[in-house]
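Record features (TrEMBL):
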REGION    121-256  region 'Disordered'
COMPBIAS  140-161  compositional bias 'Basic and acidic residues'
COMPBIAS  175-184  compositional bias 'Basic and acidic residues'
COMPBIAS  197-218  compositional bias 'Polar residues'
COMPBIAS  225-239  compositional bias 'Low complexity'
DOMAIN    278-356  domain 'Transcription activator GCR1-like'
Amino acid sequence: MDQGEVRLNERVINLERQISMFERMVHMLSGNLDEHFKRYDMILVAQQQQISDLNAVVSTLLNDQNRQAEVLREKLSGALHGISSTAASVNETIHSIPRLSGRALEPESFFDEILGSGGPAAVKPKVSQPIDHGVSYGHRFGESNDNDRNNDNENETHNGRIGDNSMKQQGPRGPGDHGSDERQFGSSIIPYDDFSPLNNPHSHPPGTGQSTNPSSISEHPLYQNPNGAPNPAAAGVNNEVHQPHHNGTAEVENGLTEEQYLTVTGRKRKRSLFVGNFQFMKSPHSVMEVWKEYTEGINGQPSIKEMELIYQTGWRRDPAVNKRYSRRKVLCKAIETGLAKGYALDYTVNLLEDYRFIDREKGLKQPIGWLCQGQNIPDELRGS
């Protein structure tokens, strides 16, 4: 019994010790939880403060925008009111202006109506005699028309005297002879019969442009010597005018046709387009299979060499096809280099096959893709 009681007491002591340890652990965990809760409370309070600050900023911005909108609305309303009042005054002014008839738009009646409708506030001219403005302006217009007719008559009188006036009249000239000299110079250089109607200002109504076609320049010479022979300087000008015109046309036409349909040697050439999908041999096991695919073709397809000759790069526009072609081209180029050096095809293929060996006893070889890298080609088959 004593031993049982001792054991029981020890057991009770151990249990009490464990319970106290558990209590300490619970207190420690509760303290940690309290600290975490405090941190969470602080974070929530800070976020709430930020949210309130953001609300205040947004409300301030909205109030400022509302005030600015009201100010702009007032300014716009004032501006529109001013525009409307101005438009109304302009309409009144337009309606108050008297309408003029078609006859009143003519110069004589227009000036008469302006001067006659001055009213009592109009300024009267300080002239002892009345002035007939219609007659004065009509007289001026009549003088301008008479001058035009006199110029036409002078050109007609100089028709038969090409080059004579400039040779005969070389004496002393007075100060008043400049106009006659200019007319004589124009008649001796520009004959009336050969005068181009495209360059004649009297043959065109005012406001219409004159043609500057180079063909009219060549057909109607503008410069002529007094003896009647054409001036070489004028011929040079005409040639310079014609030459860039024809050259530009030839360049445009030849640029469109020859560049599209003709080669450099002048022969026509058509480009062939490949529409299908070229299928390479999947995982070839020997060098000879790759060479046959390159020279003879497989599965009823043309060979790679033939595809290059016919379609150039048009058949391998797909990035995957172009990548596989580039890899196998390295191996085929090595075989072509060996054949160009005079090696037999079997010798070249066997050389490449022997170069693949890792362990001859076990028969381990590198894959074909290993040979498709330039650094793995034997030195004998590398291009110079």
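Placement of Cβ uses the backbone N, Cα and C atoms for every residue, glycine included.
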DSSP-assigned states of the domain 'Transcription activator GCR1-like' (278-356) in counts, ordered helix, strand, coil: 53 helix, 0 strand, 26 coil
Local confidence of the prediction over the domain 'Transcription activator GCR1-like' (278-356), expressed as mean pLDDT: 89
